[in-house]
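Take a look at the structure below.
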Amino acid sequence: MASRFNALKADAVWQKVWDDARTFAADDNSPKPRSYVLEMFPYPSGKIHMGHVRNYTMGDVLARFRRMQGMEVLHPMGWDAFGMPAENAAMEKGVHPGGWTRDNIGVMKAQLKRLGFALDWSRELATCEPDYYGHEQALFLELFRHGLVYRKESSVNWDPVDMTVLANEQVIDGRGWRSGALVERRKLSQWFLKITDFADELLEGLSGLEHWPDKVRLMQENWIGRSQGLTFSFALSDGGSVEVFTTRPDTMFGASFVAVAADHPIAQALAADAPAAADFIALCKRGGTTAAELDTQEKLGFDTGLTATHPFDRTQRLPVYIANFVLMDYGTGAVFGVPAHDQRDLDFARKYDLRVRRVVSGGDETDPAFVGNTAYTGPGTLVNSHFLDGMDVTDAKRTVIQRAEGEGWGTGSTVFRLRDWGVSRQRYWGTPIPIIHCDACGAVPVPRDQLPVILPEDVSFDIPGNPLDRHPTWKHVPCPTCGADARRETDTLDTFVDSSWYFIRFASQPKDKPFDRGVAEKWLPVAQYIGGVEHAILHLLYARFWTRALRHIGMLDVAEPFAGLFTQGMVTHETYSRQVTETGSDGVDTITKPLWLSLDDIEKRGDGYIERATGEAVTVGRIEKMSKSKKNTVDPTGIVDQYGADATRWFMLSDSPPERDLPWSEAGIEGSWRFIQRLWRLFDGERLEESAAKNAELDRKLHQTIAGIAVDIEALAFNKAVAKLYELVNAIERAAPSGSRDTAIAALMRLIAPMAPHLAEEAWAAAGNDGLIADAAWPAVDPALLVEDEVTIAVQINGKLRDTLVMAKGTSSEALEAAALASDKIMRILEGKAPRKVIVVPDRLVNLVA
RNA sequence: GCGGACGUGGCGAAAUUGGUAGACGCACGGGACUUAAAAUCCCUCGCCCCUUGGGUGUGCGGGUUCGAGUCCCGCCGUCCGCACCA
């Protein structure tokens, strides 16, 4: 009688064996082909969640599979350990961010180990430790030395209560997400990295990333946002000039006004002595920035009284406005308005009654001069445009640019949407920016031998603001250049800097420098990177930039850090809620809102659920990403303790394609657990003696499965690999005892080893094999066994299936046609008539056209 | 508004890229074993009908083709990204 697989016991046994034997430590000097498999490292927020389990299981299957394929695999893990949540915890609970973070790392590391991931823990790193961020400071100074870092005044989202800068995504409806205070725009001196120097490279590089999802490449392309056009100047009536950028130089003759942003120097200068202009600028700044507001916001302008001279017609004077729809930080902060061919310009012109003149004809206007309230932005032929008349839009653009350059008043130019990367954060829990400010010498880099600049431990979070800034001693240091009293930079680096090079440090981590170039280049680029799509732009763009910057300064010869990228879907769950009413803030109105309930709060009653505590009916809501706020999370720890690591891993890989969301279900994990037990019964069952009979059909199924799931795993199509394994197991279970069956069971152990490694090791050892299955080779495929010798031929009449025939593979078209016409069913339907036409697809079908 | 993805049974999905739609799993239902339960095993399982058979079916409407889930045109819906980008 077969025993039951004791997952909890086996998990512990094999995890210890792997640990003790350092099974998954990567060897830098291995002669084998290398593969670097990496999942995005976690932020140590407290406990791991199902999303982590899914992410790391997928990477683990690939890593283990490639090991079995004979590769030297680097599969490391670490901690993205700096960030705001640690400071929030410090403020709320009175703990130190470092202690909180390191405690969380301890908990989460144990949880990851509990899942049996094939990780090289010897390379573990945490970005909050000086032996990581010290090297980051060195890299920052290298970029500084090469002119890729600069300091500039910039306007930021400032939370006046928390006294900190907020990222755009932390501003909700104009208020700080945490304090609820109205966010202010404030000018601050900030450090920037010159990512725009690499805008072209980063854009061009995308086309070489064949193993990236198209979606992510497109998102980065749009984010970088390259536009080509003409930059030129208008002469102004006050003797000055204003520079504008346009992508539509072809529409020059349709211009009827010039508009500048509220922050534009011309607007600012005017505001200095015209109160009305100042009022208008203030009005512009008050305008909301949310999508809905922008959509409905009226186009407003302030006439400066200045006029601009049209470069093609000196007699033509265009009014100059300050306008609320012109952005200072794109292009030159000034535009010329062509109402007929730009919707915003048209709205503006209609409001201020400016000239609307069509200069591009789409060809189908009944009245070529008429423009309604919809601007025409399509292709066409130039009209009303003197020497451009009759040209198409493309030719006209080229002609105008050539002429502008020839006459010296403008140049063809490229403008990017991408901005330089502001990396200053007024926070404690981050990498200190290694700069010292001296009144005499300016911003001086911290000398190499004084690195790392270590965060002081003795800080307090009882009042808002940056504890580094108010620390009694830390920031007071002598200037490294002149020795005078100077101050440390108290801003810390954006945590995206930490994650922009951790994959390099994983590959090589010498004590005395950020990485050893030769070793890092052995491993990089990462062969397969796996993580959430939420990092499609920021993290992945910054890491690409950082890698290219290191190449630019000659530190590392790698162009792209991640050769393959996979973005996995979220783990989702139903939500449960009960409506509650409460009195609004005015004390009169009542507000009805959902009170979210966790799975533990409810119990099944009939078709629905009731809340345990109150007995009230529960509304089953939509399936959403697991989140604390909706209380629809399932804790992986409880699941692993109940079903074991392998069943948990198996469920994560089953059914849903990995790029799609995975709906969590209790029934699903139970199904996986049953399958693990089913496998164990096979492994633990009776075997025949060596000489037993063959089963050709099962042999073929086995080899098709070996080949098939290798393809599926490489493509990260784990759900398909899982389905193929179910098919093989079904076939083995149905087969009578034979040598083939025993062979298939032995091979099956290795086939499931990447996914259910504990079960596989247990079975491998029980079967009397030496060594670990983790080190075993992937079963070899016999190509002769991949082909079927019989095929099922579909017989169609007019494309409708009428019969099927089992024929030898490779049967001639003539024989197939004859067999089809000889079928009883077919003869009955054709009633003796000959088909008009016969289409034969060998080994597939016969279609008779009646 | 711009850009993109997707839409297949009660559910998660598969379909060799134009060739037998629904593999595989979950759930439901029926049965075997058991005093009983659990576990396990077997069977049915898109929908409809006049049920050894037939009709119909991949969001909707057209089209191309001997043949369309797959290709083309037009709608509808869902989700994601960006957003006054000149």
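In case you wondered, yes, glycine gets a Cβ from its N, Cα and C as well.
Automated prediction, rather than curation, is the source of TrEMBL annotations.
Listed ranges A:42-52, A:460-470, A:471-481; the one TrEMBL annotates as motif ''HIGH' region' is A:42-52.
A mean pLDDT of 82 is what the model gives for the motif ''KMSKS' region' (A:625-629). Here the motif ''HIGH' region' (A:42-52) is broken down by DSSP into helix, strand and coil counts: 3 helix, 0 strand, 8 coil. All protein chains considered, the CB of A:Lys628 (ATP binding site) has 12 other CB atoms within 10 Å.
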